[in-house]
Each structure stands twice: as C-alpha cells, then as structure tokens.
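Undergrad: In case it's useful when we look at the structure, here is the feature table from Swiss-Prot:
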DISULFID  41-121  disulfide bond
DISULFID  168-222  disulfide bond
DISULFID  265-312  disulfide bond
DOMAIN    34-138  domain 'Ig-like V-type'
DOMAIN    143-238  domain 'Ig-like C2-type 1'
DOMAIN    243-330  domain 'Ig-like C2-type 2'
CARBOHYD  62  N-linked glycosylation site
CARBOHYD  136  N-linked glycosylation site
CARBOHYD  282  N-linked glycosylation site
SIGNAL    1-20  signal peptide
TOPO_DOM  21-349  topological domain 'Extracellular'
TOPO_DOM  371-496  topological domain 'Cytoplasmic'
TRANSMEM  350-370  transmembrane segment
C-alpha cells in the first residue's frame, strides 16, 4: 500500500495536462478525533478553458478507491455512506443550479480514527480528460490520563520489600504517550505499552516504593507527554502504620509539694489511636493519678508515692506501640544551668543599671555643689587685678614713694588668719595701720566692688577682708593669692 501511495503521489502531485490544466491540493492534513478538518481541492483551468463534467472525491482503501462525494453540473451533489452525515462541500457555489466547480474543498466533521487515509480529488473534463491529485489525512487521538493508588490504603510492611503504590495510565492515545514521574520518593517505575485494534496505544506505568510512615501523605505526580503537550495528575499516598509512642511531661524537676504535674502519651499512627492504656510497673497506679485517655494527671502536691516507671500503650487497627518514662521525685527543686545563666545575666544588667544611675547622680551632685560654691566665693570680673605692695606702681599708675616688696605674700589655705595679720603688721613696708573692714569708716578707703566682702558675709564663711593703706587703697582677702608681679588674683583665677 505504501508503494502504491508513493507511486500515485509521484504521478499526481501536480498533474498537468497538455493544455495546462491541473488540480491543486495540500500534500497532508491532520486533525484530532472529534474535531473538524478541511481537505482543499482547486482546479486551475488555463486557456483554452475546458468543460468540467464531474468532480469525484475518493478514499483509497487497501489499494482500491471508495467514493466519498460527487459534484455533477447536471445531477447535483451527492455524498455517499458512511460519510453522508459528516462530509460536505465547503463552497456553496458547488450546490447551486448552475454550479461552479473550480473549488471543491470538502469538510470532515466529528473526525474518526477510521477517517485516516489517502483521499483523491478527481476532475473529469472535456476534451482534456481526467485530472486528479491526492492528500494524506492523519487522525490523532488524545489519550485519557488516569492516575490511582494501587489500593485505597497501603499498609507499611518490611523495610526491604517494594510494592506498587500508584499507577498512571495514558489510554487510547495516538500516537503513544511518554510517562514520567515527579516525586521526592526514593522509588522506581515500570512502564509498558499496549496496542489497541483501532490503532491507538495505551501506556501504563507502575510506581514501586517501600511503604513506610515516612512516605505517608507524600505527593506523587504522573506526567504524560503527548505530541509535545504535557498532562499531569497527582495522588497523595495513604500509608497505614502502627503507633509510634512517646511520653511527655516529666522534665526531671518533680520535687516535693510541686503542683499540677501530668504525663501525656503522644502517638504517631495511621489510622488514629483507638485505645490508650497506662501501666505502673511499680504496682498499682498511685491514688492521686487520674486517667484521661492519653493524659495521666496527678492531683494535689507531688509526693514520693508517685515516683516510679509509667508505661503508655497505644493501639490502632494496624497494631500497638508503647513508651515508658521513669519519674524521679526530689526533695528540692533543681534549676537548669540555663535558668542560672539567665538569672546571672539579669543580675548583671540590673547591677550595671544601678551603678550607672549612681555615677550619674554623683556627677550631677558635684556639678551643683561646684557651681554653688563658685557663685558664693566670687562675683566679679575675672580680669580685675589688685596691685599689692610690690609691683612698683600704684593703682592709678603713679610711682609709689616706698620700695616694693622683696618677696610675694603667699598663704596656704590652712594658714592661721592671726599669723597672716601679724605678718602684715610686722612689715615695715606697709607702714600703716590695718583695720577690719567692718570697723573701718574712713572715706579715703575705697573698696573695689568685687563683691567678695558682701558675698562672704552673706555665705557666713567667717572670712575677714583686710585693708592696707599704702599710698592708694588696697584690699586683700584670704581667698586672694598674691602674684610675682605684685598683683593679686582669686583662687579661681589661680587654678585656671
């Protein structure tokens, strides 16, 4: 059949008559089952024109021609069985009383797999004779993708025995599909193809893995690739397994008189647990123990009576699982190392905050005291200098009639005022009387308004200011410090 098709194609792809007539067609067409497809056919009638007597569409079946549709100018249009309900001429002019047969394209509706074949469009002309061409129609079938678990529930078994957990089927596809698996499971697949009588192919792929609790609820995806199109379907594995049990609640710090302690039985199982049972290996359960399914509650304060080993048994339809815990009761609570570290860190933080607050308070206090003393001790112009007995000049800038002091008059803070006064009295240079300020009413005495005397009296420091008469008025305070150049400045200026 392939040889005949090839021969016909070589002869008829562009069959040109002696006068230039030919039939134009596409070499191949394709469609999916249930869809619609057009098979074009056009007649090129060159000069001189010829008369078209009839157009016949034929299906080539096993080397023989089977009529599909006929268009005759005199007899009209006819579509034969089994194509009558699904095949028609596309151009309405073909069906007119005076038809135009240059374009006799036919349309297939509800395409079937059996429609796949080679179709011939044949023109009968006068006087040129017959002209024809052919087209190959291919029909595709999209597969039905179905994925399922091997059984609704899979029971976990031996760790070395793999079993089929899921099956993916791409049924009745044309051409055949390619099946792959997408999953995190450590399994393998087995794929086989089955050819069907209608020319389609069914592909089946089974996935094998060792069923266990670890793969429960894992996703398994089947990917079917067909004609560069991908179809996916997924299932979630349902693995049944016996309970795996642990007991929580004992923290290693159950001490006498502790309140609200309990043990909880936690079980990982599929299906769920149907029965919980508690056992006390040291005898019967203590009187303070109360059973509430998976929880064992101890009422009242902790006593030595509840010490011992407790066992929880959990059961489901697949099997049973157990776990135990040994409860130890101590006289005093024990604090974990982590708690001690947290407390120590908290103490460091609190101590640091206290120290910082204390330092800040002390600094503020010192600052306030310093400012207050400074205000009490000196209120004047720091740039003021008092001449005293020895720089060779009077306050007005005149040369004094007496020689300058041979040395500076300097006193320490703790010098006795009587000694200071005696020293001044014994000096021949002074040559005058010394009087206390508060008893002196001489109008010739001029006190520089530094504010020292008044402020000292107001602050009650009991300090005395002495006035020395030597050509010009001079005042000296015990808080004033004589300098080498004969001037005297306050202690604050001296420190600066």
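Quick reminder: no glycine exception, Cβ is built from N, Cα and C everywhere.
Small disclaimer: the values here were computed from a predicted structure and weren't measured.
Quick one: where do these features end up spatially?
TA: Look at residue 41 (disulfide bond): DSSP puts it in coil. For residue 41 (disulfide bond), the same-chain residues that are 6 or more apart in sequence and have a Cβ closer than 8 Å to its Cβ are 23, 24, 25, 55, 57, 103, 104, 105, 106, 121, 133, 135.
Under DSSP, residue 222 (disulfide bond) is assigned to a strand (E or B) in the three-state scheme.
According to its DSSP assignment, residue 312 (disulfide bond) is in a strand. For residue 312 (disulfide bond), the same-chain residues 6+ apart in sequence whose C-beta sits under 8 angstroms from its C-beta are 245, 247, 263, 265, 276, 277, 278, 279, 294, 296, 322, 323, 324.
Secondary structure at residue 62 (N-linked glycosylation site), as computed by DSSP, is coil.
Neighbours of residue 136 (N-linked glycosylation site), defined as other CB atoms within 10 A of its CB across all chains, total 16.
Residues near residue 282 (N-linked glycosylation site) in space but far in sequence (CB under 8 A, at least 6 apart, same chain), listed by position: 308, 309.
Computed over the topological domain 'Extracellular' (21-349), the whole-number mean pLDDT of the model equals 92.
When Cβ-Cβ distances below 8 Å are used as the criterion, the transmembrane segment (350-370) is approached by no residue of the same chain that is at least six residues removed from its ends.
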Undergrad: How long is the line from the C-alpha of residue 222 (disulfide bond) to the C-alpha of residue 136 (N-linked glycosylation site), rounded to the nearest angstrom?
TA: 34
Undergrad: How many of the residues that make up the domain 'Ig-like V-type' (34-138) does DSSP mark as helix, as strand and as coil?
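TA: Across the domain 'Ig-like V-type' (34-138), DSSP assigns the residues as follows: 7 helix, 57 strand, 41 coil.
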Undergrad: Pop the Cα-Cα gap between residue 62 (N-linked glycosylation site) and residue 136 (N-linked glycosylation site) into the table, whole Å please.
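TA: About 14 Å separates the two Cα atoms.
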Undergrad: What are the helix, strand and coil residue counts for the domain 'Ig-like C2-type 2' (243-330) according to DSSP?
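TA: Secondary-structure composition of the domain 'Ig-like C2-type 2' (243-330): 3 helix, 50 strand, 35 coil.
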Undergrad: Count up the helix, strand and coil residues in the domain 'Ig-like C2-type 1' (143-238) according to DSSP, in that order.
TA: 3 helix, 58 strand, 35 coil
Undergrad: Do me a favour and check the Cα-Cα span between residue 62 (N-linked glycosylation site) and residue 168 (disulfide bond); whole Å is fine.
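TA: If we compare the Cα positions of residue 62 (N-linked glycosylation site) and residue 168 (disulfide bond), the gap is 36 Å.
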